(Lines of atoms letter the chains of each structure in order from A and count residues from 1; the text may use other names and numbers.)
(Lines give C-alpha, C1' and ligand atoms only; values in the text may rest on other atoms or scores of the structure.)
Protein backbone atom coordinates (compact mmCIF):
# COMPACT_ATOMS: atom_id res chain seq x y z
CA UNK A 1 0.00 0.00 0.00
CA UNK A 2 1.37 3.43 -0.95
CA UNK A 3 0.48 6.70 0.75
CA UNK A 4 -0.84 9.87 -0.88
CA UNK A 5 2.67 11.33 -0.53
CA UNK A 6 4.21 8.56 -2.61
CA UNK A 7 4.99 8.72 -6.30
CA UNK A 8 2.59 7.71 -9.05
CA UNK A 9 3.07 4.61 -11.17
CA UNK A 10 2.43 4.81 -14.92
CA UNK A 11 2.24 1.94 -17.38
CA UNK A 12 2.88 2.66 -21.06
CA UNK A 13 2.29 -0.24 -23.44
CA UNK A 14 2.04 -0.67 -27.21
CA UNK A 15 2.53 -3.27 -29.90
CA UNK A 16 6.11 -3.61 -31.18
CA UNK A 17 6.87 -0.56 -33.32
CA UNK A 18 4.12 1.50 -31.70
CA UNK A 19 6.59 4.13 -30.51
CA UNK A 20 6.16 3.74 -26.75
CA UNK A 21 9.90 3.81 -25.98
CA UNK A 22 10.41 7.08 -27.88
CA UNK A 23 7.35 8.61 -26.21
CA UNK A 24 8.53 7.55 -22.75
CA UNK A 25 11.98 9.06 -23.39
CA UNK A 26 10.33 12.32 -24.45
CA UNK A 27 8.16 12.25 -21.31
CA UNK A 28 11.23 11.90 -19.08
CA UNK A 29 12.90 14.83 -20.87
CA UNK A 30 9.90 17.14 -20.56
CA UNK A 31 8.42 16.32 -17.13
CA UNK A 32 10.32 16.56 -13.86
CA UNK A 33 10.32 14.12 -10.93
CA UNK A 34 9.60 11.07 -13.05
CA UNK A 35 11.90 8.19 -13.94
CA UNK A 36 11.65 5.18 -16.19
CA UNK A 37 12.03 1.79 -14.53
CA UNK A 38 14.84 -0.09 -16.27
CA UNK A 39 13.80 -3.67 -16.98
CA UNK A 40 15.96 -6.79 -17.12
CA UNK A 41 16.05 -8.74 -20.38
CA UNK A 42 17.75 -11.74 -21.96
CA UNK A 43 17.63 -10.32 -25.48
CA UNK A 44 20.83 -9.06 -27.16
CA UNK A 45 21.72 -5.39 -26.87
CA UNK A 46 20.67 -3.36 -29.92
CA UNK A 47 22.84 -0.67 -31.54
CA UNK A 48 22.80 2.52 -29.49
CA UNK A 49 21.53 0.86 -26.30
CA UNK A 50 23.39 1.14 -23.00
CA UNK A 51 23.60 -1.25 -20.07
CA UNK A 52 21.59 0.02 -17.11
CA UNK A 53 20.03 2.80 -19.18
CA UNK A 54 17.85 0.98 -21.69
CA UNK A 55 17.89 -2.44 -20.00
CA UNK A 56 19.90 -4.60 -17.67
CA UNK A 57 21.13 -7.28 -20.08
CA UNK A 58 21.50 -10.69 -18.44
CA UNK A 59 21.54 -14.32 -19.59
CA UNK A 60 18.62 -16.72 -19.19
CA UNK A 61 20.19 -18.53 -16.23
CA UNK A 62 20.51 -15.27 -14.30
CA UNK A 63 16.97 -14.28 -15.24
CA UNK A 64 15.42 -17.55 -14.04
CA UNK A 65 17.40 -17.26 -10.81
CA UNK A 66 15.93 -13.78 -10.22
CA UNK A 67 12.43 -15.10 -10.94
CA UNK A 68 12.91 -17.83 -8.33
CA UNK A 69 14.12 -15.23 -5.82
CA UNK A 70 10.96 -13.17 -6.36
CA UNK A 71 12.92 -10.21 -7.72
CA UNK A 72 10.37 -9.34 -10.40
CA UNK A 73 6.92 -7.82 -9.96
CA UNK A 74 6.17 -8.98 -13.50
CA UNK A 75 7.96 -10.98 -16.15
CA UNK A 76 7.04 -12.35 -19.55
CA UNK A 77 8.58 -14.03 -22.56
CA UNK A 78 8.26 -11.89 -25.69
CA UNK A 79 9.62 -13.05 -29.06
CA UNK A 80 11.72 -15.75 -27.36
CA UNK A 81 13.36 -13.37 -24.90
CA UNK A 82 12.54 -12.75 -21.24
CA UNK A 83 11.70 -9.34 -19.79
CA UNK A 84 11.18 -8.52 -16.12
CA UNK A 85 10.48 -5.49 -13.90
CA UNK A 86 12.28 -5.22 -10.57
CA UNK A 87 10.12 -4.91 -7.44
CA UNK A 88 12.86 -3.04 -5.56
CA UNK A 89 13.37 -0.48 -8.34
CA UNK A 90 9.71 0.50 -8.36
CA UNK A 91 9.05 0.58 -4.61
CA UNK A 92 12.17 2.55 -3.70
CA UNK A 93 11.31 5.36 -6.11
CA UNK A 94 7.62 5.47 -5.19
CA UNK A 95 8.43 5.67 -1.47
CA UNK A 96 10.62 8.73 -2.12
CA UNK A 97 7.76 10.45 -3.95
CA UNK A 98 9.22 9.94 -7.42
CA UNK A 99 6.87 9.01 -10.23
CA UNK A 100 7.80 5.84 -12.12
CA UNK A 101 6.88 4.94 -15.69
CA UNK A 102 7.03 1.37 -16.98
CA UNK A 103 7.69 0.75 -20.68
CA UNK A 104 6.25 -2.77 -20.96
CA UNK A 105 3.91 -4.94 -23.03
CA UNK A 106 0.25 -5.71 -22.27
CA UNK A 107 1.15 -8.95 -20.45
CA UNK A 108 3.37 -7.06 -18.04
CA UNK A 109 0.73 -4.36 -17.65
CA UNK A 110 -1.82 -6.97 -16.60
CA UNK A 111 0.49 -8.32 -13.89
CA UNK A 112 1.41 -4.85 -12.64
CA UNK A 113 -2.24 -3.83 -12.22
CA UNK A 114 -2.82 -6.74 -9.84
CA UNK A 115 -0.07 -5.50 -7.51
CA UNK A 116 -0.56 -1.77 -8.07
CA UNK A 117 -4.30 -1.20 -8.68
CA UNK A 118 -3.82 2.59 -8.58
CA UNK A 119 -1.35 2.52 -11.48
CA UNK A 120 -2.36 4.68 -14.45
CA UNK A 121 -2.16 2.75 -17.72
CA UNK A 122 -1.77 4.13 -21.24
CA UNK A 123 -1.98 2.17 -24.48
CA UNK A 124 -0.30 3.52 -27.62
CA UNK A 125 -1.64 2.51 -31.03
CA UNK A 126 -0.45 3.28 -34.58
CA UNK A 127 -2.68 5.15 -37.06
CA UNK A 128 -2.68 2.04 -39.29
CA UNK A 129 -1.12 -1.40 -39.62
CA UNK A 130 0.74 -0.20 -42.72
CA UNK A 131 2.38 2.54 -40.65
CA UNK A 132 3.30 0.01 -37.98
CA UNK A 133 4.93 -2.27 -40.55
CA UNK A 134 6.81 0.66 -42.08
CA UNK A 135 8.19 1.63 -38.66
CA UNK A 136 9.36 -1.92 -37.99
CA UNK A 137 11.09 -2.05 -41.37
CA UNK A 138 12.73 1.35 -40.86
CA UNK A 139 14.30 0.16 -37.60
CA UNK A 140 16.40 -2.26 -39.70
CA UNK A 141 16.76 -4.56 -36.71
CA UNK A 142 14.70 -7.58 -37.78
CA UNK A 143 14.54 -9.98 -40.69
CA UNK A 144 11.39 -10.18 -42.81
CA UNK A 145 10.10 -13.28 -41.02
CA UNK A 146 10.52 -11.60 -37.63
CA UNK A 147 8.67 -8.51 -38.87
CA UNK A 148 5.83 -10.75 -40.08
CA UNK A 149 5.73 -12.40 -36.66
CA UNK A 150 5.62 -9.02 -34.94
CA UNK A 151 2.78 -7.85 -37.20
CA UNK A 152 0.73 -10.96 -36.43
CA UNK A 153 1.31 -10.49 -32.71
CA UNK A 154 0.49 -6.77 -32.97
CA UNK A 155 -3.03 -7.51 -34.16
CA UNK A 156 -3.59 -9.64 -31.06
CA UNK A 157 -2.04 -7.00 -28.79
CA UNK A 158 -4.26 -4.26 -30.19
CA UNK A 159 -7.29 -6.17 -28.94
CA UNK A 160 -6.23 -5.50 -25.34
CA UNK A 161 -6.78 -1.72 -25.53
CA UNK A 162 -10.00 -1.81 -23.38
CA UNK A 163 -7.91 -2.94 -20.40
CA UNK A 164 -6.15 0.44 -20.22
CA UNK A 165 -7.17 3.80 -18.74
CA UNK A 166 -6.05 5.94 -21.69
CA UNK A 167 -5.60 5.48 -25.43
CA UNK A 168 -3.19 7.54 -27.56
CA UNK A 169 -2.86 7.35 -31.35
CA UNK A 170 0.79 7.85 -32.28
CA UNK A 171 0.35 9.46 -35.69
CA UNK A 172 1.90 12.85 -34.98
CA UNK A 173 4.75 12.19 -32.52
CA UNK A 174 4.76 15.66 -30.92
CA UNK A 175 0.99 15.55 -30.41
CA UNK A 176 1.17 12.05 -28.91
CA UNK A 177 4.02 13.15 -26.63
CA UNK A 178 2.00 16.13 -25.41
CA UNK A 179 -1.01 13.89 -24.73
CA UNK A 180 1.13 11.52 -22.66
CA UNK A 181 2.56 14.45 -20.68
CA UNK A 182 -0.96 15.78 -20.10
CA UNK A 183 -2.04 12.47 -18.55
CA UNK A 184 0.85 12.58 -16.09
CA UNK A 185 0.31 16.23 -15.16
CA UNK A 186 -3.46 15.82 -14.72
CA UNK A 187 -3.00 12.77 -12.50
CA UNK A 188 -0.63 14.71 -10.24
CA UNK A 189 -3.36 17.31 -9.70
CA UNK A 190 -5.95 14.85 -8.40
CA UNK A 191 -7.49 15.90 -5.08
CA UNK A 192 -6.18 12.89 -3.17
CA UNK A 193 -2.64 13.85 -4.22
CA UNK A 194 -2.93 17.60 -3.76
CA UNK A 195 -4.65 17.47 -0.36
CA UNK A 196 -1.38 16.31 1.25
CA UNK A 197 1.06 18.09 -1.03
CA UNK A 198 -0.70 21.43 -0.49
CA UNK A 199 -1.77 20.75 3.11
CA UNK A 200 -0.04 23.84 4.58
CA UNK A 201 -1.44 26.17 1.94
CA UNK A 202 -4.96 24.77 2.29
CA UNK A 203 -4.77 25.05 6.08
CA UNK A 204 -3.59 28.66 5.84
CA UNK A 205 -6.26 29.64 3.33
CA UNK A 206 -9.06 28.04 5.33
CA UNK A 207 -7.89 29.48 8.66
CA UNK A 208 -7.84 32.96 7.14
CA UNK A 209 -11.59 32.94 6.52
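In case you wondered, yes, glycine gets a Cβ from its N, Cα and C as well.
From a predicted model like this one, the values you see are computed outputs, not experimental measurements.
Feature annotations, courtesy of Swiss-Prot:
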- 14, 15, 16, 17, 18, 19, 20, 21: ATP binding site (BINDING)
- 7-185: domain 'Guanylate kinase-like' (DOMAIN)
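Other C-beta atoms found within 10 angstroms of the C-beta of residue 19 (ATP binding site) number 22, with every protein chain shown included.
Listed in chain order, the extra residues whose Cβ falls within 8 Å of the Cβ center of the ATP site residues 14, 15, 16, 17, 18, 19, 20, 21 are 124, 126, 132, 135, 170. It is 21, among the binding-site residues 16, 21, whose Cβ has the fewest other Cβ atoms within 10 Å in the structure shown. In this structure, 17 is the one among the binding-site residues 15, 17, 18 with the smallest number of other Cβ atoms inside 10 Å of its Cβ. In this structure, residue 19 (ATP binding site) belongs to neither helix nor strand by DSSP; it is coil.
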